[in-house]
Amino acid sequence: MTASSSPPLPPPPQLSLSTEKTVTVRGVHRKTDSSMGLAEKYVNICKTVRISFKNCGYDLRPRAGAGLWLVPLVPTALLLATVKQILRGGEKLSHAYFATTIVSCGLLMTTILYILRFMPRGHRIENYYLGLPAIATLVVLLFTQNVYSHNFSDYDREYSWFRKSCGLSRSAHIFTGFILSLFGGLLSSYGVLSGLPTLLTLAPSCFSIGEAVIVVHGLVILLYSSAVNFSHLAFSHISLLGGMEMTYDVATVIVQVGMLCVFATLLALYVSPILRIPPLFYMVWGGAAVTTVVVLHGLLGGSPLLWIMMMVTRDHVTLHLFLWWALFCLVGVLFVIWQVNRNQKATTSQRKIFHILAVFVFASGIVWAPDILYLGSAVCFAIFLVVEAVRLYSVPPLSFILSHGFILYGDEKDTLFSLTPLYLLAGLAAPLWLTPLNTIPIPPSQLLPYLSGVLTIGIGDTAASYVGSKYGRRKWKGSNRTIEGTIACFLSQAVFVLLGAVFGLLTGDVLSFMKAFGAIAITSLIEAKTSQVDNVVLPLIFYIMTY
């Protein structure tokens, strides 16, 4: 199967038993199903779907379940954030975010229908059903595009991109809205039907089904939100660098243009092997960097590099934070080089050093400079992708140390690609990437969800790993995680929340504590039992429960 081929669907189940025996077997199955609990039914469904995927030629990540419970996480997070912003008044809810949430709901519906095709009776779901989410998304986008332009624009939102684009004629506005709605409808369906099989084909044994769904949802959401923002910016006739009230809006444009250029370059390297030759390889990335700056200069009406320098040096706190972050990054790089020179496989505790460094960076950034951290985390993610391309295509002079570091630091989740650092960074930054920063600094009443990654994987997972490996004696049934580690996971996060309340960073009322401790307890149990990538899963769960 190639990446461009249509997604294969499992054939109807073939029964070799006689009719009478089939009825008998089905009767037993019905009786068994009725006596099973929901958990057992879910496990059986996951096993069935996983086997069907493997029968269709997809190599899923070994020693991991199907992870179907991950499917609704990203759309749920976006929908929850949108509803909360509407309930708070809606005056700061951008059209791009609103439309992207609708597309994410369409993605969820398509994903569910697609996975149902891999069930024993999935062949009964005709192909035209898979197009229904696209039609529904298109209709809702067309309706809300009209509603948004009439009602939401009545709010006092001087710096809203959508309001700037309302200088268009009525016909041009309707045409632009129709094109964006049509694009959103197509992405909500074809993004899953093509993206999911392509990802599983290009990255064999790297993802469970649920993990692959999260990646595909994230890529489609990035693509559509970028299209909406760029269309609004294209019709804006003022300099956004001089007119934007919040740095988050400018940072979003920089992030979207930069990430799209990176993914386009990675696609070019995959399609054209000749571009992987060392001189051309670096020329291609240099061209991508220049293209990014030029496009941003045209969209923003000014130099993005000068703007970034101005933001970093806007006050002493931000500048000092940036210098500390640079120091922590240098420590991380030196630690990798030291480990490579020792030529010794890194232990789990040694790998958690990067979690500790990340806690200092993200905790300080979320509290004092979330907009700069939002931009910086996306830049680091792009750099990680470039570095991984250097390792994957064995491009000198860094390929040797990167390949050696991959061997020493990789775990069972790293097969073809080095996904662990990408997962760690994405999990820590996910709350910033998913939620608009309407108020900077973030008020204490809204800060906890932004700390989801810091709490769950920076503090809780690190404490669980250290205590579990050092003092763990009793293991959870069916898991190699220890009960002592889970207790440490819960207590470490609880202490962090209490300290945050003591120092006035978090609200200290009873309801906030109950919500925080409930989320901590559930994510601690999930950390102990799940076979999925906890670096991505735990922050999303905590975010949904506390937002």
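In case you wondered, yes, glycine gets a Cβ from its N, Cα and C as well.
Taken from TrEMBL, the feature region 'Disordered' applies to 1-21. Marked as transmembrane segment by TrEMBL: 64-83, 95-116, 128-148, 199-224, 250-271, 283-310, 322-341, 353-369, 375-394, 415-435, 447-467, 487-506.
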Result, the transmembrane segment (95-116) in contact with the transmembrane segment (199-224) (3+ CB pairs under 8 Å): yes
The transmembrane segment (64-83) versus listed stretches 95-116, 250-271, 322-341: most Cβ pairs under 8 Å: 95-116
Spatial neighbours of the transmembrane segment (353-369) far in sequence, C-beta under 8 Å, 6+ residues away: 317-318, 321, 324-325, 328, 331-332, 335, 376-377, 421, 424-425, 428-429, 432, 441-442, 447, 450-451, 453-454, 457-459, 461-462, 505
Among the ranges 95-116, 128-148, 447-467, 487-506, the one whose Cβ pairs under 8 Å to the transmembrane segment (415-435) are most numerous: 447-467
Intrachain residues whose Cβ lies under 8 Å of the transmembrane segment (95-116), provided they are six or more past its termini: 7, 49, 68, 71-72, 74-75, 78-79, 81-82, 85, 122, 125, 129-130, 132-134, 136-137, 140-141, 144-145, 148, 152, 160-162, 180, 184-185, 187-189, 191-193, 196, 209, 213, 216-217, 220-221, 224-225, 228-229, 232, 436
